[in-house]
């Protein structure tokens, strides 16, 4: 599904990724974890073509993404912070994205699901963080693409919406889709992900299932396992 | 690209700044006309104002729009769209809405005052054409600055500096070098110096219209050919077009390599 | 009724006895003008019928009236001067004269009047000429309604349309002169009136005065000449209500004044000239009620000009209003209207509350380095002009219009 070879990226003198090799197979939920500044977002943005690598190749669905934009039709992306043009109304934003990507009817159902009806005529600048995130989710899930990338999907969500989100992720997984997630909420990661990829100092430190991680670090639960990796490497 | 242009344009049409800009020109037009009571004089004053003000507004507005629409840009970048179409679309959106504000803002009071019955109409057309060119050029330059500078404050700083340089400092240096080297034949040099600055270039177009009698007083074959025939007009327009194309090309190239 | 008819017949007969009509045509008994002149008695009328007469060196030495019917052509075949008048009281009317000879030693003219009085030259059409109408030491004559169309290319081998030399009290009206060296040229000629003429596209000047005094020229139009009018070394010339237009070029002026004293320049329009008026060594001149429109320089003062007054003129949209090449000013500027005036009029009396300074620093710079003209209307130039305005360093600091008007003057 996604195949990354020897990926290098630095911003000026700051080396963010140094030789990442990653092969993500079709189907399942992958969590990309790591401390702040470990390169999670850079990795995701590289896959999306928003960050141009210094070195290395990225293939998505068998196609090299360099200088190409069409492959993004097959990706649904949820950006980290839901920053939208403030002048637009929610309705207009949805319409615009549909105009840009192609028509879909899923939006009705999702708006219902996240109870966004009262906000449709409001401008995005006037919405709360949580509501914006819901809009963000609608925009992501309304298309039916084989690859879904979620950057911090839980930010600002209330408990009910969080449950709905988890359900949504599971139904997409059941359809055989590949889902990449980054999150700081370990319980969420533990609950939804099949496999984790742990980034540290620009490289993949660990890849495998959660139980494998627990074994490796000799810790009883996931949160402590992560913490032990971080303390070990900082010491 | 057209879709992006459409959304940028409508986004801007809704922003308060377009109205401020529009209202400013409307007011300028009305004040000049109804205080002066003289269409030709108003057009001449406007020309002097336009060649300085349009570049300033173009750069500031371009830089501001770029930084303010960062979110929108990022949203678009994740969509299956070419980068060049995203940025060109946004650039055209800004440039066209600014030009529209200029054309409508000045056009309405002048038409209301009876422009079509006046012989100043060609001067006025020239004014609008130069204004539009300057908007296209300086918005493109502004996008270049913003694309190269992540830091908003720095970007604004450079934008103001660019304007200050091209509108004032350049002419100062130009004048100094002409006076310093007055013993040498300077007519080619002075024409080349003019071509290299879009503000000077637009000024030349206006000179061709308003000050042809004075320009023909100078003894120089090159000058004479430039100002005495259509040659000058054609060259000036070609150079203006090049001045639009070059920064736009750089937008395309720069945006291809940039990380977001 | 019968008596009246008889009376007229008697008069006509008396007249024809006294002054005879001689008809000239290609098939008549008298077939050349030269022949007609030689057989004519004083005060006869020679009528030239339509046709072509190949003649030159026709000497009119007695008072005659020569009239052309339907513009007969007199073709000089480039052999020399065509008609020379050396008698008083000669009238020449309605001829089409072409192909005057060109010479480097003699000024051949289509018609020359030499040492004669009371002549009338009217309704002539002159083409392919060297000199057109040449008045030499003559006086009290009239030159009306002639059309002179030359084909001059170089100054050194072309002549003037109408030339006056040591002539006095001549009236030159309603003539049309084109494509010669000087349209109308006066040298040592006083008390002449030049009125309602149109002089265009001439190589050098539309109208040219040298050492001529007390002349008046008014209501003429001078367009697209090398320079409109040159007035040199002359006194007490009145220049009224003329139009000077589109005299473009390096040394082109609407009007050039050199060593002129006590003249009046009133009611003229200077439009789209490179330089409206160029003044050198001219004193006590009154400039009033003139319009200066869209000129490169409305007025260029090149020094040694004293006690001139510029009052109630309109200066409209000129690139430069006034240019001085020195710091000294002895001329008065008062109550003019300047479109580039930016002051205000708080008490609404039609006079701006701040004096206007018509000489800009930039005009001084352009005088020094002509190429800098390309920076006209630049913001930088506006800034240095402004600082010069606040504290004059290079331009005369007493050169001010203390009462600039806020509305265009009409008269």
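Residue numbers in this text run from 1 along the chain shown.
For all residues, glycine too, the Cβ spot is worked out from N, Cα and C.
TrEMBL annotations: computationally assigned, not manually curated.
Nonlocal intrachain contacts for the transmembrane segment (B:20-36), taken as residues 6+ away from its ends with a CB within less than 8 angstroms of a stretch CB, comprise 42, 45-46, 49, 57, 61, 98, 101-102, 104-106, 108-110, 113. Residues or ranges marked as transmembrane segment in TrEMBL: B:20-36 (among others).
The transmembrane segment annotation in TrEMBL covers B:42-67 (among others). Sequence-distant contacts of the transmembrane segment (B:42-67) (same chain, six or more residues past either end, CB-CB distance under 8 Å): 12, 17, 21, 28-29, 32-33, 36, 90-91, 94-95, 98, 102, 106, 110, 120, 123-124, 127, 130-131, 134-135, 137-143, 145-147, 152, 155-156, 159-160, 162-163, 166-167, 198-199, 202-203, 206, 210.
The transmembrane segment annotation in TrEMBL covers B:88-112 (among others).
Per TrEMBL, the feature transmembrane segment maps to B:124-147 (among others).
According to TrEMBL, the transmembrane segment annotation covers B:159-181 (among others).
Annotation comment: TrEMBL describes B:231-253 (among others) as transmembrane segment. Long-range contacts of the transmembrane segment (B:231-253) within its own chain (CB-CB distance under 8 A, at least 6 residues past either end) are made by residues 84, 87-88, 91, 133, 136-137, 140-141, 143-144, 147, 195, 198, 201-202, 204-205, 208, 225.
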Long-range Cβ neighbours of the transmembrane segment (B:88-112) (under 8 Å; 6 or more residues past either end)
1-9, 11-13, 18, 21-26, 28-30, 33, 39, 42, 46, 54, 57-58, 61-62, 65-66, 69, 73, 124, 127-128, 131-132, 135-136, 139-140, 143, 248, 251-252
Mind checking which residues of the chain, 6+ beyond the ends of the transmembrane segment (B:124-147), have their Cβ under 8 Å from one of its Cβ atoms?
43, 46-47, 50-51, 54-55, 57-63, 66-67, 87, 90-91, 94-95, 98-99, 102-103, 106-107, 110, 115, 155, 158-159, 162-163, 198-199, 202, 205-206, 209, 240, 243-244, 247-248, 250-251, 254-255, 258
